């Protein structure tokens with residue numbers, strides 16, 4: 001028979017507080033990293049093979065956005081209005097125009113530059129408005145789990161089931 005006494009409730013509350021502490025600590029670390037790196041997304045997972053062989057699918061990129069100028073050859077992550085997924089590509093050309101830097105990018109594994117990604121509105125990216133950050137480091141394949149969760153429903157539901165089963169078993 002299951003005992004739902006005061007001890008069981010106390011144990012459940014302690015577990016919930018532990019989960020809340022882990023979640024809030026992780027969130028605070030991420031937000032602190034965002035402030036230090038001056039980037040809304042200081043960690044980005046590579047989702048496509050457009051930057052191979054430099055970066056593989058599943059690599060986690062560490063971004064820095066405190067420099068005013070980006071050099072040709074550096075890898076940047078940028079967002080375009082209307083697109084939900086940031087793009088990771090190398091700077092091919094750089095131009096100064098009206099006190100702002102304009103960039104032309106291209107994936108290492110792509111045949112052509114990214115002008116078609118820019119939506120036909122212009123031929124270059126505005127460094128100040130569209131670049132999320134410059135890649136300063138990476139962790140190989142660490143983010144592959146996010147790709148598996150997004151692309152494989154069996155993996156996602158299997159992981160949720162195992163997590164629920166472990167929580168149930170540990171609760172007894």
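The backbone N, Cα and C atoms fix where each Cβ goes, glycine too.
Per Swiss-Prot, topological domain 'Cytoplasmic' is recorded for 1-15, and the stated evidence type is sequence analysis. Taken together, the residues in the topological domain 'Cytoplasmic' (1-15) have a mean pLDDT of 70 on the 0 to 100 scale.
Feature annotation from Swiss-Prot assigns transmembrane segment to 16-36. Long-range Cβ contacts of the transmembrane segment (16-36) within its own chain (Cβ-Cβ under 8 Å, at least 6 residues beyond either end) map to 42-43.
Annotation comment: Swiss-Prot describes 37-172 as topological domain 'Lumenal'.
Residues or ranges marked as active site, charge relay system by Swiss-Prot on the basis of similarity to another entry: 50 (among others). Annotation for residue 50 (active site, charge relay system): spatial neighbours 88, 89, 107, 108, 109, 110, criterion Cβ-Cβ under 8 Å with sequence separation of six or more.
Residues or ranges marked as active site, charge relay system by Swiss-Prot: 89 (among others). Secondary structure from DSSP puts residue 89 (active site, charge relay system) in a beta strand.
Positions annotated as active site, charge relay system by Swiss-Prot: 114 (among others). Counting every protein chain shown, the Cβ of residue 114 (active site, charge relay system) has 21 other Cβ atoms within 10 Å.
Under the heading region 'C-terminal short (CTS) helix', Swiss-Prot lists 158-169. Within the same chain, residues 149 sit at least 6 positions outside the region 'C-terminal short (CTS) helix' (158-169) and bring their C-beta atoms closer than 8 Å to a C-beta of that stretch.
DSSP labels the residues of the region 'C-terminal short (CTS) helix' (158-169) in these numbers: 12 helix, 0 strand, 0 coil. For the topological domain 'Lumenal' (37-172), the DSSP-based tally of helix, strand and coil residues reads 35 helix, 41 strand, 60 coil.
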